[in-house]
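Asks: Not my notes, these are from TrEMBL:
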- 64-135: domain 'NXPE C-terminal' (DOMAIN)
- 296-574: domain 'Cas1p 10 TM acyl transferase' (DOMAIN)
- 311-333: transmembrane segment (TRANSMEM)
- 396-416: transmembrane segment (TRANSMEM)
- 436-457: transmembrane segment (TRANSMEM)
- 487-507: transmembrane segment (TRANSMEM)
- 514-539: transmembrane segment (TRANSMEM)
- 559-586: transmembrane segment (TRANSMEM)
- 607-624: transmembrane segment (TRANSMEM)
- 636-654: transmembrane segment (TRANSMEM)
- 666-686: transmembrane segment (TRANSMEM)
- 692-716: transmembrane segment (TRANSMEM)
- 737-757: transmembrane segment (TRANSMEM)
Amino acid sequence: MAALAYNLGKREINHYFSVRSAKVLALVAVLLLAACHLASRRYRGNDSCEYLLSSGRFLGEKVWQPHSCMMHKYKISEAKNCLVDKHIAFIGDSRIRQLFYSFVKIINPQFKEEGNKHENIPFEDKTASVKVDFLWHPEVNGSMKQCIKVWTEDSIAKPHVIVAGAATWSIKIHNGSSEALSQYKMNITSIAPLLEKLAKTSDVYWVLQDPVYEDLLSENRKMITNEKIDAYNEAAVSILNSSTRNSKSNVKMFSVSKLIAQETIMESLDGLHLPESSRETSAMILMNVYCNKILKPVDGSCCQPRPPLTLIQKLAACFFTSCIIGYLIFYIIHRNAHRKNKPCTDLESGEEKKNIINTPVSSLEILLQSFCKLGLIMAYFYMCDRANLFMKENKFYTHSSFFIPIIYILVLGVFYNENTKETKVLNREQTDEWKGWMQLVILIYHISGASTFLPVYMHIRVLVAAYLFQTGYGHFSYFWIKGDFGIHRVCQVLFRLNFLVVVLCIVMDRPYQFYYFVPLVTVWFMVIYVTLALWPQIIQKKANGNCFWHFGLLLKLGFLLLFICFLAYSQVVFHGMLFAFIYLALQKRQILSEGKGEPLFSNKISNFLLFISVVSFLTYSIWASSCKNKAECNELHPSVSVVQILAFILIRNIPGYARSVYSSFFAWFGKISLELFICQYHIWLAADTRGILVLIPGNPMLNIIVSTFIFVCVAHEISQITNDLAQIIIPKDNSSLLKRLACIAAFFCGLLILSSIQDKSKH
């Protein structure tokens, strides 16, 4: 009864909401979101540097997330490379001195905070010719003005970056009097034109005063209140922003430290100076502001302009635009022809006469329609990860962000289950289910940033190995049973594997190896094909007549294993091929019981193997979870991961009831697993998987739901487009296929030539 209700409910849902309607809804969502983001950029500005300097939030205890963009964590070598032959000057009080120390420690972590605090502090790294100076000027007065004025003279070398700020000393010395605030306004008014003049040739930042923790302040600092600090900040912002009459001030306000301090000032030792972690965050923000536009780190989208279109990208845009225009013309002509041949009404009987026959859709129409859809999808890819239209955020790992979605999809996977059409080991529904849940786990692993958690990382490596195992099993089984070594089969598989990746390499300006999984699977497919296609070709039909051929095939596989080990590649694909051979041999000799509800072997053997499999599975899981050294675990992984894979296969297939059902939820995702894996790079994650795409800012949960919905719809549509194009571009006729292959080879030669021209022009 429950099963009947479930089926009826599913039919009712499918009647009103199909995959097609989901895609239409996704398209509407993309258009609305794009319009909203365009309007927001136009209204609030398109400068991510302003967001970096003025807004953000803490994702965790020490992880700062700027609004709308990603912040790169600079290493020592990167910082030196960016600041080579540069001079940076910090001018101000003890708080600016703290910022100076944190900035210098990015370049040289061994630099010590020592010496007289109330005097100038120099730093120089001779290997990179970097100079960073702290100039002690605790008040905005004539002394600070004279220091800045010297740099405005043409004969004096100016610092490349100037970071200035002061106020708390003025409040303290003058006991928070209103006269001191008036004098501060006068002094900063006289300094503002000098800073503006310097800002034309140097990067000038005015650091607004951070709040204090009044309960911790000593008696001689009690007059430094947050109310006074706000008044001084308002004066600085008002005067510096109005220093130019007809244009925006070139002096940038460093106000983000206020937000950082609001969250961390309680950890201060004296109520005035920030804890070290907060200072490090402010210093890293400064480094991002200056260096991102120079080094252009992938995971540092703040302050980076949109990359210019390459020649290949421009040609791709022209091609897709031509396809869209061509399809629209074709559609209009076809529609007009359809109207002319509309059924006419018989005047005598009053009935319609059908005078046309539904003509089949032409290959040209399918081709234009497919490239039209693909062009629109690629435009979305570009908008998400290259055009800076949508926002990006850094990843931040928590156990809940990984395990809660895992539990959620597990419940859905168990709930949506159906009977399999066949009960063979690793039948099609089961392999689709396997690929589906593995792909969903990998997606959650990527978006949650779980690579920093070693036990999760080791288990994900097993899933990648399981994909390769399936590659070996699936392709070996096909070639062994069918014996189809024709070029058409090879081209079909290679096209389906590589089509999307090749298009993304062109549109997103990325190398082929960047999408590492597809090249990996492609290489192993070719290894399997060559191994079985080389003389002597041994297939199931030939081997059935003579057991000698089985020995010959094992010998072939043995040589392949030696080849793999010699090149230090993963042996998982070999194990997949060997498993397929052993399974098919046992199946042919009717040793296995694959009937519905029957255990795979006799009860004793099945129970024994099931026990061994469960123990092996748990043993590997415990070992991976307790792994402490990433390098050592990676070294052992290729040899031991196959144990857990084989254990899972036996657990899933030995009991007859487990082999007779599958999760339709996981299997649906398994059919588009390749597209999901590739598409996540740019339209679910961001910055080439380093960050997260933000379509709806301020609401992480809603953002994940909407972006995931669009992402899955796009992946499903690309899967259909690839299948449609494969039928047209890869003909069954060998002579036509060879001509197409020659054209494809010429296309790639032209692409390589254009790519080399681009590289030369860049350098």
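The backbone N, Cα and C atoms fix where each Cβ goes, and this holds for glycine too.
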Asks: Against which stretches of its own chain does the transmembrane segment (692-716) lie, if we need a Cβ under 8 Å and a gap of at least six residues from its ends?
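Replies: For the transmembrane segment (692-716), the list is 19, 22-23, 25-26, 29-30, 33, 67-68, 377, 380, 384-385, 390-395, 447, 669, 672, 675-676, 679-680, 683-686.
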Asks: Per DSSP, what is the helix/strand/coil residue tally across the domain 'NXPE C-terminal' (64-135)?
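Replies: Taking each residue of the domain 'NXPE C-terminal' (64-135) in turn, the totals are 21 helix, 20 strand, 31 coil.
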Asks: Do you know the mean pLDDT across the domain 'NXPE C-terminal' (64-135)?
Replies: 93
